[in-house]
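Features of the protein shown, as given by TrEMBL:
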| type | residues | note |
| --- | --- | --- |
| DOMAIN | 174-258 | domain 'Cyclin-like' |
| DOMAIN | 267-388 | domain 'Cyclin C-terminal' |
| DOMAIN | 271-353 | domain 'Cyclin-like' |
| REGION | 38-67 | region 'Disordered' |
Amino acid sequence: MQAMARASYCDARATLDLYRKPEEKRVPLKSWDNICHVSKDRRQQPDEEEEEEMKIRRKPETERRKQRRRLGVCGGIDDVTAEIVETVKICWSQAELSDGEEQLSRLRGVSLAPVPRPLLRALEEAMVTLGLSYEREYSWDIFSAMMRKQSSCAFKSSELPRGFTNYMRAILVDWLIQVHESFRCTEETLYLCVHLLNSSMCLSKVNIPTFQLLGMTCLFVACKKEECLFPESTELCFLMENCFTRKQLLRMERKVLTCLKFDLSYSQPLHFLYIVHTVSQCSQQVLHLAKYFLELTLLDIECIVCEPAQLAAAALCLARRVLQERSSPEAEEAWTRAVSLYSVSESALCRIKRCMARAALRAENSETQATFMKYSIPERMEVSINSTVLGSRYLLDCV
C-alpha cells in the first residue's frame, strides 16, 4: 500500500523501457493529442486486415437473418412474439395496482399477498434510517433481494466434519468473538466471519491442527470486506501466539476464497433484526437483548440451518416477551406490521426460541462466556446480567 502511494510508482514503465530492445518497447498510451494527430485519410481508409475482420463479423448477422426467415415461415416468430406480449401484459397488470396495495415479489418465506401501504411506508423509513437504502423508491426492491438471498445462507445440514464436535467449534467461535471485540470491529464483521467459517467447514477439507488458523483467516477476510481499516496479518499471527506464520495465513486465505469461489455475499441476520425493530418501534433495551440472543446462536451449530430472517424474528419476539414492556395501542399496531414482514411458521419460531433460551440460561456458567461478558457492560444496558432476564419464567417455559 505504501509503495502504491509513492509518486514514482506510476513512472516505473519509463525506467523499464530503457533496458528493452527497440522492438520490445511499449507503444505510447493513447491521449487526446495522439488521437487528434491521426490524419483523416488514415481513418477513412481501413486496412485489408480490418476489412477481413468486418467480413467475419458480418457472418453471424447473416446467419441470424436466415434463421429469422425460417422462423417466420414456420410460424415461430408469431409464437415468440405472443409469449413476449403475454409477459408484457402480465408485468403491466402487476404494475397497475392501487395506491393502498403493492404485490409481493416471489420471496421465500413470504406469502404472495397484498401489502398494506402503512407497512411499505414503515419499511421504507426503516431502510433509509438504517442506511440500507439511500432512495426510498428502491427500499422494497432491496428488501426483496435480501429475502431472496437469505434462503441460500441457511445450510442444509448441521453435521460437522469427521473429528469435530460442537464443543470445539463453540470454543473457536467464542475466541473469535473476543478477538473481534478487541479490534472494535463492526457487528456485521463477526456474523460474516462465522458464516465464512461454517461455509469453509462444509465445502473444504478441514484439519484439527489448522482449525484456529481457519477461524482467524475467516475473520481476516470478513474485516477486508466490512471494515475500512483491517488488522495487519502480523497482528493476527501474534494473537495466535505465532503458532502460524504470515505465509500460512495468506495461503489459508487463498484456500478459503477459492473454495467459496470468491462469493462473500451474505444476508445479515443483524440487518433483518434492525429492520423489524425499527418497524415495530420497540425500545433500545429490547434491541440489545435481542442482539444478545442472536449472538448466542453463533455458538450453536443447530442454528446454522435457520434462515437469517427467522433468527431475527425469533430473537426480537423472545426479547419482547422476556422484558414484558407495557406498550400502547400504537405500539401493538406497529408490532403487528413488523411481524407480517417475516412469515415464520410457529414450529420454526418455537424451535429457535428454545435454542436461544437454553443458551441464555447456560451462558453465565458456561466456558464460552465472551458474549455474556460482552453484553454485561453499561454500553449494552447490561442485558445479560439483568435480573428480569435471568429470572424469567418465559425462558424456563421455552426450554
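Just so you know, glycine gets a Cβ as well, placed from its N, Cα and C.
All TrEMBL annotations are machine predictions without curation.
Residues of the domain 'Cyclin C-terminal' (267-388) grouped by DSSP class, helix first, strand second and coil last, total 90 helix, 0 strand, 32 coil.
With DSSP classes pooled into helix, strand and coil, the tally for the domain 'Cyclin-like' (174-258) is 62 helix, 0 strand, 23 coil.
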